[in-house]
Amino acid sequence: MAVPLERAFASVTQSFHKDATQGPTTNEYLVARAETQRYAPYAVRKGPAALLAQVGINTIHDSPLSHSHPACYALNAFHFLKVIPRYLHGKAEVWGTKDNWFRKLQAQIDSQTTTLTHRNYAITARDHVRYPGTVVDHPGSCTAGTLFMHDALQYMTPLDVYTLFATSPEMHSLVATAVIPPESVDRLPAFWPELYQLAYYEDHLCYAPDGNFADAYNQPLAAHQWMTMKSLHGPDFTLSVDVPASRYSHHIFVISKRPGLPDTHRDFMCPDLVELPKDFFPGANKADKLLPRTLVNQMVEYAASVKRATIKDATSRTRAYVKDQKYAAVTPVQQMYLSWFGSGLSQMQFPDRPVTPLDNFATALWYRLLPSRLYRLPATIRNFQLKAFVDQLRTPQYLLHFKLDEYHLSSNDKYSDFYRNESRQASSKDMLSAFEAICFGGAPELEKKILGNNNPAPFATVPNPPSQTALGLATITAAIAFILPNRAARLTRLVARYAIRAVKEIVNPSFLTIPRFGLLSHSIASWLQTDGAVITYGLAPKIASWSAPIWYNAALLAPTDMRSCQVLVDIANDLRFDYRYGTMRLAVTLGLTLLNPFLRRLVLLPFKVLWHSYLPSIKNKLDSMVLMSISTLPDNISVPLLTLRGNLNRQRCPDNKDPTPIHESDDNSTADDKCLHCPIHCLKSKLSEPAASPDTVPEDNPLQEGDLTEEVYAAALAKKDTPPPYPTRNDCLLVALADGLLTKRILWFSCIKMFGNTACWVIHDTGKAFDWMHLKMLAEQLKLNVSIEVAAEHDHHWTGLAKRVGPIDGRKIALRWYPYHWELSDRGREDYGPPPPPPPPSTTEPPPPPNPPAASPYHSPTVEDEPLEEIPLANSNGEFSTFAFDDMAADDLNPAQPLSSLDLDEEPSAKQEPLEPAAIKTSEPEPLVPESEEVFFRPSPTPTPSDATPTPAARAPSSVSNENAQRPRHPLPPVPTGGASAPSNDKLNSAAKQYARLVAGKTRQMTVAQPRSKAYLRDLKRGNIGTIPTAEAEQLDAYIDSWAVNGFNRSVHVIYFCGLPGTGKSRRCMKMTERLLKENKYLAQTVRIVTPTDNLRNSVARQLKPPTESSYSVQTYETPIRQPSLGPVLIVDEYGKMPAGWLETVLFLNPRVQMVIFTADPTQGIFRTRIPDAYCCRIPSSTEAIASYAHEYRRVSDRPAPGVARALGLPTTSRRPGQIETSTELNVDWITVRPEGERAAWHNTWGGKVYTYATCQGETFHRAYQMVINGNTRFWDDRDLFAALTRGSGTLRLIYETQSSKPLPRSTSKLYNALLDFRTDPHKLPLAIEEHVNRYIPSHLRNVNQAVPRRNAASNPDALPSQRILPGGQSTTAEPXQSQASALPTGGEAIDVPALDRQDPQRFPQLKVLPHLCGYIGDYSEASYPEPEHPKTQMLDATFPTYLARNRGWNDPALTDAVTANYKAPEHRDIWVEAVGETTRQVHGSGDDRDVFLEHRGDDKATANITYAKRLRFSQRAANERSIAATKVAGSELFEAFTRAIPLPQETFNDSLLEECRTENDTVHLTSKPLATLINNAERSDPSWSLNMIKLFIKGQTVKKLEKMGSDATAGQSIASFRAEVLLAWGPYARYIDRRIRALLPPHVYIHSRRTNEDFEKFVAAHWDHTRESTDGDYTAYDASQDATFVNFETLLMRRLDFPLDIIEAYVEMKASITSHFGPLAIMRFSGEVWTYLFNTLGNIAFTYAKYEVPSVAQVYGGDDKSINSPITVRTGWSQLVGKFNLVEKPVVGYEPTFCGWRIVPGGIVKDPQLLFWRTRYARIRYDAALWAPGYYDELVLSLKTSDRLMDHMSPNDLAYLQALVRFYTKLSRRLPSLADRRRCNPLPADSPSVVLSRD
């Protein structure tokens, strides 16, 4: 029953006026304002305030207080303080409420009659974060009669509420506030976008109060069930659910054991909406057809005013309407429907203006919009729909009208709910049971499971309604037609049968008078619309669609039941709409049916149910068929036959019981009196009407009063003896249960949801905009991942569709299509011409580029002082201060280009002269790049100083480089060629001219630097600054090659606004844009604004007035690279945060850009990357590159408050109150700036407002904020600290966060140290900031226009030295700007710190980054670890001399061609993987030494697919446990064999040893990895990660094996990522076993664990006998073969070592229950376990001794490798055990066995020279020499220890490789300091064979 809002809230609405003519008095106004401030203290905007006033909530628009969501706060507070106190009586408890809110609530109640108890129970983890001091554990039960829960009901399920009542016998009422949008029931868009916005996902929705997604929170999508729930039935009692108060999305629920309101429906507020006619959009979602009435009226007026509107005109008109802010909630799908409606409406016969005949409507609308609908709508239906819609436009406001449901719980199934939108959790078996229930009337198993009926009726005794049986027979016929060859004849007979039946029913007039008749009955139509639609769409789509014309004709000729006819018309329209491809769709359906076992099972389901149902015999099955056949007849025939059949069955029944109860219909009962959900149409139960007692006073039962208000309802709850006004149980079999199990769409989408990895639909372009719009609509409704493939000819203009997130059950469905350019004509006046031509075919070479025009001479800027270019000086080491390239040339920026043979083999002609000091400047070093290329921006040619020598010519490229440059890897994409200088001001584009006019024409010209763009493109390709798809990676290769091929050179005009934080740089730029937008509305089509972050993009889009399309005009910096379609003007905000080289790449890809406008601050943070060898770290940063182009410098800020500005030493014009405070406690309501990124992300996930030092740049906090300073702050750069200090316009609070009494550690940063000393010495902070500003500002002060009048230091005492202008306009000199390399933070380096003490966690900074890790770490002992020495990066350069012979050079073809001659081409070695539709990317394809080895990448989907298919095995936990129990005997055999190898006595468990192992494990876990690695793995410390859940990925590695050189792509290595708690818990026990096994090892057994190669060499020299043969072996799929047998072996080993029993059981449980996102896994070994190498080695020993007779000789083991110094024979009893193991061994017998890559030879161990040779060649190109050279050198020296004995067991080819290696490392040691030190400590032997060989 709908309660009028005026009456419901009359008591709470305050009236401030005495009468209609007089206003309130001053006293009344002040009283009312004070009353309003209690629940609405914050300022509310005009739009939300008007909505709140409609529901009796007054607000204050001029309040000085602000809030992030003031309107929702007022709604929440009004319910909390004004309404809730009415429902709290007697003893009550309050859960989940803040302390201050509880005190406010306590002040509103009567303390004499009500007692409140506060139990701050946290419902979710987010509440624990927001409300400190909450109790995370559930309190268990409520001890009071009434319980109040604040905003928690939406997170609770009916089972949770019922359990709470069951465990709280004293509780009789639950009063709860909840925020549940009522439109979420149908997934409609937000009805009130001024108050909140919604975002729907697969299983939850995101609720953004006041549209602020920064404060948004998630809630389960199933929470909307509380909106339509009337009662909650359980096995013990029944609960009533009422909603006495509701305002927009805020509701008050009362759940009690007392009876509730006698309502059958529940209404909620809704804006004035209308529903578009169904005739236009059959089968569409209702949410997409509900549009605001005013918007539809505008379209109706438009359609009536034009002669004939096309779809293009209607689309343009719709966009013009939707641009209004009040229609912001209208989705693109709704816009599409409105456009179709307008174009079709203009061609229909309107009531007052006929335009065209009615018959033209089908041709004009259906043929044009839906080309595949080849039939016409009947005229009767058109008139009916048009009249209904016109009437609908005159109806009052549309309301959300929900029918209330009764929620049933059953005790035997844990109250599972199958019909309330829980289809995701239902298994396929449950869904098949639902199909059975729909097809054949009832399934006993389904009835037993859902309704809890333990004695269901037999299958044959439940008669089917005619509609259900008829549809079941149609399904069976459809299945036969799909399977059997003669399906055409059967389909013809089926259509004829239904046609004859329909004709008989229609022709016979007696049938038309019956309320329910045959196929056209109301009950059939209702069932078809709800439950039958699933089967109609699913199993027999073609059959049902072919019978649709019959339904049409029947609907037209049956005017007595128009509602039923309309339903049938809708069903037919749905079928025609979805299956519009006819024969093709039939072929696809048939093919999938035959290939897919799941679909085949669904199609054969009728046969299975018919022949394998629950009937005990064939007799009963045939009886069921007879029953269904009878049910298909009309009612006047079927009912007597069913009665006769029941009588016959009664006579045959021996116990005279009626097995088939027939409920005959009552002639006096109507359709409304009968239950349509019941298969037998039983009568509804009558409501019990108790007799009125004469002693009863009418007001004693307030539920019967006419005016039902909140007060009346609250009073009714106090009555405990009120009888329930409705039945408490529903005894009908709900066939509608299956309606919630499957989606409402067609079956193939349902099957994709269930079995998504078996179907992929590729839909191509049909040339119309409708196709992709319809696909986008389906993707939005089903929440599919949409991937778009764009044709090459459309790439230039296409902007892309929004990609939906959230795969279905972890699977992706790809909808690929080529777009139609529907918006090309709406882009404005300026047309950029046709798109570039497509690339040439791959078989032909690309056309040669045209000769680029000569660059015009550069004209100096039109300013007084011309900027001079500073020459980079060389330091004492011969390195440039602005680069970290050492002595590499520009072409060597890419390490993929190898040095030529001349670089390493050529002898210098003379001894190299030492470099002289830089101060003498007698000679200038070789330039880094050729003179034709630019290192960074050069404003003008710089004259060479007279005392400097001329620059030598650049090194000529080698022949290899030329060949690589002339042979592109693939055809080049369309890239710009040629180039030109920037046009003059009079030749600029009109938009660029306008910007130049605003700066008085004083723009500057900037030359695009090619090396910077090359560096950025290579970083982008390697993933150093982000990840990109494979297709884009190939395009980047083409862009990199095009630099050399096309020789692109150009220059652009620039305007650079520079200044300190808060000086209005961005505001000045946006004001210019806003001014020009007002003058020229088409300017937005030619100007693009680029920001570094999404937050800044949204902020800039909101600042511009009128607001622009944020997704089109304002972009992030990735968009111009992915979609290069910029206009003439590019505005870059916060350019300092852009990667180095980004702008040059954008200008290269977007040749139309003529002007670039920057805003940047050199004193704030710059772009950072965690990749230390990234190219962007080696070139000047973005702000350093444009230092000489500053057009305007702004130094006076208007952001910080005077108190904050004085403390920071900054000039300001602000007058806001504020100062710098210090504290140690966080305020959760303040904006927080933290140093840890994962902590900030974690807080933001749960509703906090937290930034990092880097992400806060560009933001302005208009209220107080706090900055956290802890041990991790010292790893940040001064620029980021300065940016974080200057973000706010109010109070700044410094929070010093420590975990112990010890002070925070210091660093070399003066600004950080000044922040630490601020509490004691605040004067150091302004000095540190002044020094920081002086470090970067001076280079920006030359040739700038000062934004303020020049004043000297005396007149401006607040000015910094860097800002003081000397006479003549020159600024004071300062220190040169630091390079980016010297200013990088050290967070990526390995931080070695002392061991952690439990009471002193501050000494371990890693724990501050990983908050959850602290709870897993044990006690530590004090120890000191020296700081590791990081070798200086050294790159290989030019030639250097050697004394060795040169008969075997490094690039001798005899060494290289022998390996590479027989290799396949790179493009033929990668393989195509059909499952993912991609090719592996394991071969580099560069044509150099990198092609020798395969490279596994972590982002290679194809390699991951074949890896998982080969490495993983799947099984359920129960099967794993059974396997463990069945293999105990085989496990004991392994353990017995292991004891023969290593005797293990029974011992007592050593607890002290375990503690040592725990300390060692924890210390190694934190100190062995760099801090950056721990930060990247921070998610492994999340407590929400399940202990038995692993995350799988492939290991990124290079396969450097001799047998894999030049091979085809292979499977990689799968890595399992466990939760950190699992690793830290099991690590000590693994170390314990390792220590005990080492202590018991026999002297002749060697385990290569925690040993070095020198240890292995010593063991071989002491124990190996080279006079006899040895046996070595390897296994195939060794990890996957570690099954349950080895688990039993490992448990026996633990028992022998006296492990605690609970530890052993926990280990077995973990091995049996491991699961992943692919599903539960079988028992196997995973790379990533703490046991992997240990148990692999021990299992190898056990298996070897179980299979072979092994003598007591020298033997070595390591993982799956082994080598035994003797031939071994198979044991006699092995034949009985061979079937119990899955291991496949590959034994090899010989005199020179191999072990772990080493060859055991007389005299020692030797690394294979050929493998070491190619590894060196690969590493020389791929990595820095300092990283790989020392390790390979040690392996070479260890091999050479055998001296001249190598001549005996090495071939001449191996000796040639060895000689080349010795010669190379000898030369390299002269140039690499770290290798030279290693050579002095470990020199090459004097009798090296290289010396012997060099005598020739």
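Every residue, even glycine, has its Cβ placed from backbone N, Cα and C.
Swiss-Prot lists region 'Disordered' for one of the ranges 684-722, 1347-1385, 1464-1502, namely 1347-1385.
A sphere of 10 angstroms centred on the C-beta of ALA996 (ATP binding site) encloses 19 other C-beta atoms. Take the CB of PRO1061 (ATP binding site) and look out to 10 A: across all protein chains shown you find 21 other CB atoms. In the three-state DSSP scheme, PRO1061 (ATP binding site) falls into the coil class. Mapped onto DSSP helix, strand and coil, the domain '(+)RNA virus helicase C-terminal' (1195-1327) counts 40 helix, 25 strand, 68 coil. Within the same chain, residues at least six positions away from LYS1065 (ATP binding site) with a Cβ under 8 Å of its Cβ are PHE1057, CYS1058, GLY1059, THR1159, ALA1160, ASP1161, ARG1194.
Listed in sequence order, MET1072, ARG1075, LEU1076 are the same-chain residues at least 6 apart in sequence whose CB falls under 8 Å from the CB of LEU998 (ATP binding site). Averaged across the domain 'RdRp catalytic' (1668-1774), the predicted model reaches a pLDDT of 89. Counting residues of the domain 'RdRp catalytic' (1668-1774) by DSSP class, helix then strand then coil, yields 44 helix, 25 strand, 38 coil.
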